[in-house]
């Protein structure tokens, strides 16, 4: 599931086939049939992220501020001056491990994707998603039973969530986070991204998103060329 996540990311950025139409078709298959999520939902969130990375209220990836975490020096100081406090932010480096990586996919994404497709009437995406669940149940129900299959699905999403969150946060959250200052596009991408050491394991584990700077500057570049 994690590797299928990096794969659908490639198709979503049109970085595999030379024809955009082919990328869109296979994107729907990989994220819909192999992962059970809607392509339209991913496009809606991820394109906003690439347009304004780490810009509060414009990048959905930093919407956890200030409800769960205080992000960025500027926004954190603003909370202090306003004396607003939703969580014990002085301990967020401890509770991040508990409510961040384990919870995002199984407790939020899992129900929100269905809400998204129904609200926006994305019936084609819903059909692709249903093929995933039908295949999943037909494959494992005879082996595990109803309780077993629900437990397996929850376990898979729990492990995937930890994997996904650590990869996506390690190369963005340490960087500059603030309101949109209308800085030029190139500078906006650079100040919001950082790279992680290259190794065979890191490249595979992160879907080459350890080259986050290159990815944001050249999002349609095939990932195996980032190192160049």
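Placement of Cβ uses the backbone N, Cα and C atoms for every residue, glycine included.
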95-117, 164-186, 187-209 - the one TrEMBL records as transmembrane segment: 95-117
The domain 'Fatty acid desaturase' (3-226) [mean pLDDT, rounded to integer]: 94
